[in-house]
Amino acid sequence: MYSSGPLVISLSLSLRVFFRRLTVSNVGDLMFILGGNTGSLPNTSLSIPNNSPHHHRLSSIPRSRPLLPVLASQAPDSNPEPEPAAAGAKLVPLVISVAVGLAVRFLVPRPAEVSLQAWQLLSIFLSTIAGLVLGPLPVGAWAFLGLTAAVATHTLPFAAAFSAFTNEVIWLIVISFFFARGFVKTGLGDRFATYFVKWLGSSTLGLSYGLTISEACIAPAMPSTTARAGGVFLPIIKSLSLSAESKPNHPSSRKLGSYLVMTQFQAAGSSSALFLTAAAQNLLCLKLAEELGVLITNPWVSWFKAASLPAIVSLLATPYLLYKIFPPETKDTPNAPALAAEKLKRMGPVTKNEWVMVGTMILAVSLWVFGHAIGVSSVVAAMLGLSILLLLGVLDWDDCLNEKSAWDTLAWFAVLVGMAAQLTNLGIVSWMSSCVAKLLQSFSLRLPAAFCVLEASYFLIHYLFASQTGHVGALYSAFLAMHVAAGLPRALSAFALAFNTNLFGALTHYSSGQAAVYFGAGYLELPDVFRVGFVTALVNTLIWGVVASIWWKFLGLY
């Protein structure tokens, strides 16, 4: 018989080393194997990318898991660990994206009126856009590679390549993400939406209108459609649906949840189009228009005046339209107001941080509206608002540092805006627009027909894009230049393309940040998203085509 002492010592030392090497996730895995409860560990959330660029929690990993037997006699290779995901760029999208740029640079004949520098920058830009669509790397990483290529090949000097990083509009977009975090962190957005549920939620249609109207009300002060979807409205909708026994990924989803999610998803575009500060892409559109010489005086007010009537009509029509073409099985929700009242009771009185958030956003919106008259720019108004939130402790600097979507947006927006500006300076945009103008003239299209062709093309191309802001960065300048070259009114064209950018955000399950959030909730089937998205787009086109044309004529835009 051998002594058991050395064996015990060896085993204890091995266990000691093993437990020293455990990370938090390792502990969770160990508890999972043993069937224990991980409730004392930090909760982990599943998240999805926002392409633009935002991340929102959709569902939580259960904290306790069933017991899994571990057999000592089990062969070591019978349950192999999953191989880690391959790091680096995806090979096929990488090759295609690079090939696009190389083909333009070396195979397509360069027009005589275009300089070699401009043609080379165009090839890098097209390769960058191809990568944004195909996704060989995350958006920010791929944009940085495009910027590196422009500098390394001496196509652009360093200062010109990075000039857009000081752009006021881009920093306004970044700060808007911090405001959205403040709404979620304080619970103010949740409280505001819950009041509308309490007031209008006795029927399914009324409940939908309450959620839609509440989003439109908070949109100008919460300038991120993805943040509104994931941080405020989806949690409310899921709570209401589950209380009505409407479960995700289940036949009962059509009782209530599918209708509410689809309606909020389709109506979000009109809410975003209503205010300049309701979505990041709105600000980017006007900045790109400014690069082309289309200047909008008092932009916040001018935007609201142009969008107000058609956007409000679309907002009011969408819940009723979906009530008819995508009806819920449950028509009445008598318990919803009581649930909302109970939730408000649990939330307690309005906290100090919520009041600070309210006051700060009233100040910011007021300065966005009237700042033009007193010499306060939109970005300065946003900076003042963020400074107040930091000084009074509503947000801390860690909140800002952890807002990864904001910093990612800063990186790739600046690259696209900078490249687009340099393409304009080098004459590429004017050359492309003149070519399109000649093509339209060859078909003898009158101005209304040319307008419809260009707008429809801009809209339908979005089936190829997984981001509204990416679409703007890639195509807005070119299409606006085509409008101008065709002889269409400049301000009207800038507004129409910008409003269009919001309306195509619900075409597919990948067409925007909020699309990914709502589809990921488990209440929508993929065929329904495409079908309802297309029908709603047609109805919105009809509404904007009729109402906006009359309204814009009254405003003198054409």
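We number each residue from 1, going along the chain as drawn.
Backbone N, Cα and C atoms are what each Cβ position is placed from, and that goes for glycine too.
Record features, source TrEMBL:
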TRANSMEM  91-108  transmembrane segment
TRANSMEM  120-144  transmembrane segment
TRANSMEM  156-180  transmembrane segment
TRANSMEM  300-323  transmembrane segment
TRANSMEM  355-374  transmembrane segment
TRANSMEM  380-397  transmembrane segment
TRANSMEM  409-433  transmembrane segment
TRANSMEM  445-466  transmembrane segment
TRANSMEM  478-499  transmembrane segment
TRANSMEM  529-552  transmembrane segment
Recorded stretch that, among 156-180, 380-397, 478-499, has the most CB pairs under 8 Å to the transmembrane segment (529-552): 478-499
Contact between the transmembrane segment (380-397) and the transmembrane segment (478-499) (3 or more Cβ pairs under 8 Å, separation 6+): no
For the transmembrane segment (156-180), distant same-chain residues with Cβ under 8 A (at least six beyond the ends): 54, 121, 147, 150, 221-224, 227-228, 231, 277, 280, 283-284, 286-287, 361, 364, 377-379, 382-383, 385-386, 389, 395, 399-400, 403, 405-407, 409-410, 413-415, 417-418, 421-422
Seg_contact(the transmembrane segment (445-466), the transmembrane segment (409-433)) with at least 3 CB pairs under 8 angstroms, min sep 6: no
Paired segments the transmembrane segment (478-499) and the transmembrane segment (300-323) in contact, 3+ CB pairs under 8 A: yes
Residues of the parent chain within Cβ reach of the transmembrane segment (300-323), under 8 Å, 6 or more residues beyond its termini: 204-205, 208-209, 212-213, 216, 259, 262-263, 266-267, 269-271, 273-277, 282, 286, 368-369, 372, 378, 491, 495, 498-499, 532, 536, 539-540, 543-544, 547-548, 551-552, 555, 557
